[in-house]
Amino acid sequence: MIERTRRADSPQRMERINTVLDTADGFGGKTIDTLGSYVLLINNITGPGLVVLPLAYQQSGWIVSSTLLILLGVVSAVCSDMLVEAMSHVPGNSRFEGRVEFTYLARRTFSRGGFYTVLCLFFLSLVSGIISSVVESGQVIDRALLEAGNSCALELYPDAGFICMNSHEDGDEDSIFGSRYVISVGYLVILTLSIPLGLMNLDDNIIVQIISFIGLVIVIIVWTIFFIHHGLDLSICPPVGESTAAMGFLFFNYSYIITIPSWVNEKRPEVPLRSTIWNTAFVGLVMFAVVGLLGSMGHNYGAGADLLSYMLKHHIPTYARVITYFFPMFALVTSIPVFSIIMRYNLLENKICGKFQANFWSVVFPWLLSLFFYGGNTINYMLNWTGIITVGPLNFIVPVLLYLATRQDTPQLPITRRGTEDMKAYTKLASIPEDKEADGEEIEMVISNTIGLNRSQSACTEGYEALPGWSPRAIKYLSWSIIVSAVLLTAYSIASAAASDAGVNI
């Protein structure tokens, strides 16, 4: 039987309407308001990639980096709009009444091989984001403890046992424990804070996201004051740099597009889509430009170093150093549960596993992997390569392909003997079978259960348009321009990063 759901405009907590799948518990409701939407998307845009932007600016040059950030910002908003429209073409979801996650949309649209490719890249991207946030935030807490006297950890390799660093010892550029494999106090603190949030739903995290956004703004303001007061050296950040190997860092900052569907699925109906997407993209761009440009002119970074490692040095004024210790809590820790939740949603909606297994793979498994990247500067190396390999295809190519495919081939509904009116009723059902060849008896049962739904909720209503007023020819040219540009930029970034690893600048 198809379970009836409450109207989307119910004054009570809005439950998930299973437009596509009759999935189990583990999803949030449609309760995220406008403020929550803004802070959630901005927090998704900013993250671990923020602190490596000054290095990218120095290596690539401020003109190249700023131009690329602006282009990526505009294109990311366009791709987000395209992805939202593709979601609206799923039968029964023209007004986003139900739930259509990123990988489920790929499953409906692409071949089996294409779906599994997207699925692997999707989870690789989110897992790398979680690992980056865990490592960077844990390392900052370790340094804070070192400032207070000593910082301890359980060393796993090469010498098993407890190890403590005191304030008179110099640690590695990023990790105070060097290249050792350790479980530090900082690691355990971040684990304790983020895992409970990761077991919740997306809409349950909004209060934490608001606090995080306020704190992040304060941190960036303090950093800006410090850079200006400390003095800016234009010579260390040329207009055009000698290397473009750090392009992956810029890519990584636009990995938020794959999180858009989860937000759309849980936002309140009255929250505007287009203005929210574009406004948050603009705010994120301003934050990137301020941190990247001013940070690159305030200090000459070495290979593999980032803004955090510099701002925590002893010669930095106390006010700037103290506020930097809070950066992981505001910008990194709160992104960990969001990525975990989105991973769980996609595992559940595709029925890959049950809720218990989904929580393990989305919450526990990334934490286990992060132990291998906790020492030394390996996290920046990983961040660069995963950004190059996953972010470009997932966030700039796949959304456009989904958009083009769903515009040209909107899924057709099975024909029944009841005629056109029953076909319209079928598009309003609470759960649409994935099997387009569903037998007539099942379809008749579904239609009979949905025929009484309010006509105002009909999915036949015109859906969301990513490019209103654009001609089909212009849409086609823009779409393929984005795809070709993303492919070329990804290929060039791979070549640049490989050359840099070999000690050659291109």
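Indices start at 1 and increase along the chain as displayed.
Using the three backbone atoms N, Cα and C, a Cβ is placed for every residue, glycine included.
Note that the coordinates shown come from a computational prediction; the quantities given were computed from them, not determined experimentally.
Taken from TrEMBL, the feature domain 'Amino acid transporter transmembrane' applies to 33-408.
Taken from TrEMBL, the feature transmembrane segment covers 38-57 (among others).
According to TrEMBL, the transmembrane segment annotation covers 63-84 (among others).
The feature transmembrane segment is assigned by TrEMBL to 115-135 (among others).
What TrEMBL records for 181-199 (among others) is transmembrane segment.
Per TrEMBL, transmembrane segment is recorded for 206-232 (among others). Packing against the transmembrane segment (206-232) from elsewhere in the chain are residues 32, 35-36, 39-40, 42-43, 46, 197, 287, 290-291, 294-295, 297-298, 307, 311, 316-317, 319-320, 323-324, 326-327, 329-331, 333-334, 337-338: each is 6 or more residues past its ends and has a CB under 8 Å from a CB in it.
Summarising the annotation, TrEMBL assigns transmembrane segment to 244-264 (among others).
Using a Cβ-Cβ cut-off under 8 Å and counting only residues 6 or more beyond its ends in the same chain, the transmembrane segment (276-302) has close neighbours at 34, 37-38, 41-42, 45-46, 50-51, 53-58, 62, 65-66, 69-70, 73-74, 76-77, 80-81, 84, 173, 216, 220, 223-224, 226-228, 230-234, 236-237, 253, 256, 260, 310. What TrEMBL records for 276-302 (among others) is transmembrane segment.
The annotation transmembrane segment is assigned in TrEMBL to 322-346 (among others).
Here TrEMBL flags 358-376 (among others) as transmembrane segment.
The annotation transmembrane segment is assigned in TrEMBL to 382-405 (among others). For the transmembrane segment (382-405), the list of distant contacts is 48-49, 52, 75-76, 79-80, 82-83, 85-86, 105-106, 109-110, 118, 121-122, 124-125, 128, 131-132, 245-252, 254-258, 373, 466, 476, 479, 482-483, 485-487, 489-490, 493-494, 497: same-chain residues at least six beyond its ends, Cβ to Cβ under 8 Å.
Residues or ranges marked as transmembrane segment by TrEMBL: 477-499 (among others).
Through the fold, the transmembrane segment (322-346) approaches residues 26-27, 40, 43-44, 46-48, 50-51, 99, 101-104, 119, 122-123, 126-127, 129-130, 132-134, 136-138, 140-141, 143-144, 190, 193-195, 197-198, 200-202, 205, 208-209, 211-216, 218-219, 222-223, 258-259, 262, 265, 308, 311-312, 316, 355, 358-359, 361-363, 366 of its own chain, all at least 6 residues removed from its boundaries and within a Cβ separation under 8 Å. Outside the transmembrane segment (181-199), and at least 6 residues removed from its termini, the chain residues within Cβ reach (under 8 Å) are 134, 137-142, 144-145, 151-158, 163, 205, 208, 328-329, 333-334, 336-337, 340-341, 359, 362-364, 367, 370-372, 374-375. Same-chain residues lying 6+ beyond the ends of the transmembrane segment (358-376) with a Cβ under 8 Å from its Cβ atoms: 26, 127, 130-131, 134-135, 138-139, 156, 172-175, 177-184, 187, 191, 195, 198-199, 339-341, 343-344, 347-348, 352, 382.
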